[in-house]
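To start, the structure itself, in structure tokens.
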Amino acid sequence: MQAKTSQSHSPAVRMGSSEKVPNGCLTTASAGDDTPFDLLRDFYDGVIAGGAAGVFVEAALYPIDTIKTRLQVAHAGGQIMLKGLYSGLAGNLAGVLPASAIFVGVYEPTKQKLLNALPENLSALAHLTAGAIAGAASSVVRVPTEVVKQRMQTAQFSSAPDAVRLILAKEGFKGLYAGYGSFLLRDLPFDAVQFCIYEQLRIGFKLAARRDLKDPEVALIGAFAGAITGAITTPLDVIKTRLMVQGSGNQYQGICDCVGTIMREEGSRAFWKMPNQARNRRHCWNARNIFCVC
């Protein structure tokens, strides 16, 4: 998916500001020009744009996400229901707004600090690390949001307030963070690898073309990065979904038990249900970005 503003730039900052480019090429400003004010501005830009874009894309692609969740939860031979594809949308948007804002707000200044601190040939490490740090920071909000959303998508609750109340009553506060470990196991690599692929491809194409990339070119690079990363992390997404929706029944006792049970009862094909690249989860932009696949 893609989001646009008037110019074609990276997910974090304009190429002409302070970002380092491989092969010895530097942009117009020196690496030491960043000030606390600049980082704070990057944070606020990311928070506003990330929250707005996250809500927009989540609403547009929610039915696909619901189908994905139901496919991943269905056991071998099980049928999925195609009704209620917007179940839980309102409650999910309430969580996606701050989660997306936190992610992009943390990613932007973190990437800039790392790019300024690391050698030019380690720009990929800066993008990889910034994506992982932003994912960890936003997980505090993203995990409860995901738990409530996926349980409503599987018709366990009729509304988000009821879901939160009943989860707290039956499972305690930790119920809202069910599958937290599997979430980090899946989402931190997803965030880190996807951003790294996107940023490096964008930089490489810009160097090869010797010009700013056009909006469709940036969108295609982002889509490619999301597809590759989604395909790689699909098995982890299945595990995360199973652990989050099981509730107080505790069918699975943890990640290892979940993997073993699925392999024993359904086979390895169950780990490849509905590749999650069918829906890139957070797409964000700000006043100096046109595209950001989170």
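In case you wondered, yes, glycine gets a Cβ from its N, Cα and C as well.
These features come from TrEMBL:
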| type | residues | note |
| --- | --- | --- |
| REGION | 1-27 | region 'Disordered' |
| COMPBIAS | 1-10 | compositional bias 'Polar residues' |
| REPEAT | 41-113 | repeat 'Solcar' |
| TRANSMEM | 43-64 | transmembrane segment |
| TRANSMEM | 85-104 | transmembrane segment |
| REPEAT | 122-204 | repeat 'Solcar' |
| TRANSMEM | 124-143 | transmembrane segment |
| REPEAT | 217-294 | repeat 'Solcar' |
Looking only at the repeat 'Solcar' (41-113), what are its DSSP counts of helix, strand and coil residues? 58 helix, 0 strand, 15 coil
Residues in the repeat 'Solcar' (122-204) grouped by DSSP into helix, strand and remaining coil: 74 helix, 0 strand, 9 coil
